[in-house]
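Taken straight from TrEMBL:
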COMPBIAS  27-38  compositional bias 'Low complexity'
COMPBIAS  211-222  compositional bias 'Low complexity'
COMPBIAS  223-247  compositional bias 'Basic and acidic residues'
REGION    23-49  region 'Disordered'
REGION    211-247  region 'Disordered'
Amino acid sequence: KAYCHGVFGDYLTLSREIVKKRSSRKQQQQQQQQQQEQQEGEEGEWGTGSSSWYVEGHGGLLVGKREIKLSEVKSLLNHFKLDFSNPAVFLPQELAKAFLFRATEHSLYQFYLCASGLGSALSSLREAAQRHESALKELKAFEDGLLPAKAANARLQQQQQQCKQLKSLKSEVAALSESIPHLRAAEAAAAADAAAAEVAEMEQALQQQQGEASRLAAAAAAKQREEKVRSCESALDHQQREVRRLQ
């Protein structure tokens, strides 16, 4: 939509005219000082004086060059998907040889950095390094801030473990409390069984003693009967001897 074939024709030519202005002695000194600072390590963007953009059509209604605004240039470049931030890409070979011929070595180096994209890459790397350093500092501060939280977390975990142990002990105590009546009943039953066994043992011993006494009494009675029989036999024998004597 930025490019109209009826206006520009089959192709168009974009050109930029750069004007280099003479600077005063004070400005020259400032520029020299800035160049020295940049040479010592401070990177600066390549700059020019005032400039104007022109468009020239080929085969359309537009005849000759016409000055256009930068916004129109950007629209045309966006239409063709061209990146004009690197002017060296669009310079013809012959023009590139004479471009900035009278510039200083530092200006040529700055233009080289800009044209090759190394300047923006270097700036991006420096910004990335700064962001990385800042991120490391933030991470260190964050980790330092986490130390109290980690200590508190360790204490809480220890307390949680103690609570678990206490809960387990309470469960064991409750189970033991529930088993106390059963233990008492078991102890009473065991005591009753022991008493019954002792009584049975005593009864058995008494029966044995009674049987022994009965045997002893029977033996004594039998002995008395034997002695009585012997006495009777002796008396009978004496009487028989007396009868035989009297006869």
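From the backbone N, Cα and C atoms, a Cβ is placed for every residue, glycine too.
Note that the structure is predicted; figures quoted are calculated from it, not measured.
Long-range contacts of the compositional bias 'Basic and acidic residues' (223-247) within the same chain: none, as no residue at least 6 residues beyond the stretch ends has a Cβ under 8 Å from a Cβ of the stretch. Residue counts for the region 'Disordered' (211-247) under DSSP (helix as H, G, I; strand as E, B; rest coil) come to 36 helix, 0 strand, 1 coil.
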